[in-house]
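A short worksheet on the structure shown next.
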Amino acid sequence: MPSYSVMVTSKTRRQSGKVKKQRQHIPHRDRTPEYVIKRNKRERDRVDHVNQAFIKLRDHIPDVKDDSRMSKIGILRSASEYIKSLTSLLNMNELCTPIQNEHHENLSTEKKSPCQSSQTSNSDIRSLCIEVSKRKCYHIHQFHRETRQFPVPNNSIF
């Protein structure tokens, strides 16, 4: 059996004037048990970090938190759909901005609209969208209700 110190040493190779280290390959059967234990621990830690990241992502997606048996691809699909829905909400808000401004001018000064407050909650946005849907943006909300899909702009990365 070859000496491990000889097998692990690095070579240097000159390419285009730069010194580059190159490691020699050591077959798995020739690795020391300590090395194998460390390698396996690194892999377990890596897998654990990936799983924890998916759990964290799942917990940030509404309506998915309760499903603890959801697959990783399911979590990614749900996250993608959630991002698309948020994008469509922002786009709908941009489409309906003139209507909102017209409506807010008609409100009394005592009642502040959700758009005028510095802290707008999800329920405020939802109620505003429902109010806007009763006006000119009805077709966007109707599309969402009928198809359960969200319109996405052409310049989207999804």
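Here the Cβ of each residue, glycine as well, is placed from N, Cα and C on the backbone.
TrEMBL lists region 'Disordered' for one of the ranges 1-31, 94-124, namely 1-31. On the 0 to 100 pLDDT scale, the domain 'BHLH' (34-86) averages 92 in the predicted structure.
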